[in-house]
Amino acid sequence: MTTTLITDVDLLDARGRRPDSWILLDGDRIAAVGEAGVAVPAADTVHALAGHTLTPGFIDLHGHGGGGAAYDNGEDEIRAALAVHRAHGTTRSVISLVANPLEQIEESLRLVARLAAEDPTIVGSHLEGPFLAIGRRGAHAPEYLSEPDPVVIARLLDAGGSSIRQVTIAPELPGAIAAVRQFVAAGIVVAVGHTEADEKLTREAFDAGATLVTHIFNAMPGIHHRDPGPIVAGFDDDRVTLELVLDGVHVHPSVAQMTFRAAPHRVALVTDAMAAAGGDDGYYRLGSLNVTVQNGVAMLNGTQTIAGSTLTQDSALKCAVTTAGVDEARAVEALTLTPACVLGRDDEWGLLEPGYAADVVALDAEWNVERVWAAGSVVGDDA
Ligand SMILES: [Zn+2]
């Protein structure tokens, strides 16, 4: 095990900012933290990063790719996309899979299970399809959507095993509430999303064990004062975390700020990034669909439907703090401790405390990522 000491930095996590501090990494864990001048330990490598802020590594509950590569397209593309997001501070990634032919989803699930067993920064898979409302499908191919049939569910569980971390379900589909219970019983986080459900039905899904809302506000009915819908149900339930895509496109910054105020400690900033994240404008594929990216906005060809984002989590942090006016500790929490809680890993991910994972992001004064350690390894050095 080699030790790394990072000194002369501010530490910033969900518990607040600790100016002029140090942190000692030992292998894949944080060994100690402290204030400047107080019992600073020796280490194999020392980095003095004056003027920088260190946060815990970002955890992305929902992403589809980056750098021109998509998570649905096999091992090489998964690794290429992950490398892009790691360089932007994401140290733990859930691999989201879009609606595709069932055999293809099964193949992807088996692949992610294998990769997650080898690579601790790959958390597992997220089935965003196929159990989605056809009228709220976003960038999922309609021909591959299906009802949450127990036979289909059994095949998916068989292929992915315990590496399936999350599934998105529209609660109004036949059998959906039973499916929520079945997935929760298998230890999988169930999200309500891509849905037409009203408030009452959404509450039923939460009572059945769903604990997450897939990109709140997007791909669901908006709030009406006589028909509050799934958004109000999500805000109102303290058991539920709200995914938010904070790229300045998916939701207005004022609505993002309201979300943080109305659901304290329950917002998870996700990317929902497609292949163009960290890449260039142009033509891309998302699953079986064609997408055009212009000025960083991804749209399904021939429609006004947003097709995922081109976001990286460092940009979401910058947008939260500088545009939406979110308190810095609350913004960092939404990228670190809150998603760790959703995954049930908040005892080892999401804080800069001894015993936690050596996942650390060094940011300059303008919130730009300068250096990343993921599971103790310097990102870029291990490629
Ligand atoms: Zn998605």
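The backbone N, Cα and C atoms fix where each Cβ goes, and this holds for glycine too.
The annotation active site, proton donor/acceptor is assigned in TrEMBL to Asp272. Taking the Cβ of Asp272 (active site, proton donor/acceptor) as centre and 10 Å as the limit, one finds 29 other Cβ atoms among all the protein chains shown. The secondary structure of Asp272 (active site, proton donor/acceptor), as reduced to three states from DSSP, is coil rather than helix or strand.
When other Cβ atoms within 10 Å of the Cβ of His194 (Zn(2+) binding site) are tallied across all protein chains shown, the result is 27. DSSP gives His194 (Zn(2+) binding site) a coil state; it is part of no helix or strand. Feature annotation from TrEMBL assigns Zn(2+) binding site to Glu128, His194, His215.
Feature annotation from TrEMBL assigns substrate binding site to Ala139, Asn218, Ala219, Arg226, His250, Ile306, Ala307, Gly308. A coil conformation is recorded for Asn218 (substrate binding site) in the three-state DSSP classification, outside any helix or strand. Taking all protein chains in view, 19 other C-beta atoms sit within 10 angstroms of the C-beta of Asn218 (substrate binding site).
Sequence annotations record features per position, and here TrEMBL assigns domain 'Amidohydrolase-related' to 53-376.
For ligand 1, the recorded positions lying close by, meaning a CB under 6 A from one of its atoms, are Glu128, Asp272; the full candidate list was Glu128, His194, Arg226, His250, Asp272. Only Asp272, of the recorded positions Ala139, Arg226, Asp272, Ile306, Ala307, have a C-alpha within 10 angstroms of the C-alpha of His215 (Zn(2+) binding site). Cα-Cα distances to Asn218 (substrate binding site) place His194 within 10 Å, out of the recorded positions Glu128, His194, Asp272. Each residue in His62, Leu132, Gly138, His140, Thr168, Ala191, Gly193, Thr214, Asn218, Ala219, Asp272 lies on the same chain as Glu128, His194, His215 and has a C-beta within 8 Å of the C-beta centroid of that Zn(2+) site, without being one of the site residues. Comparing the Cα of Ala219 (substrate binding site) with the Cα of every entry in Glu128, His194, Asp272, these being the recorded positions, the smallest distance points to His194. Pairwise Cα distances among Ala139, Asn218, Ala219, Arg226, His250, Ile306, Ala307, Gly308, the recorded substrate-binding residues, top out at 30 Å. For the recorded site, Ile306 (substrate binding site), the DSSP three-state label reads strand.
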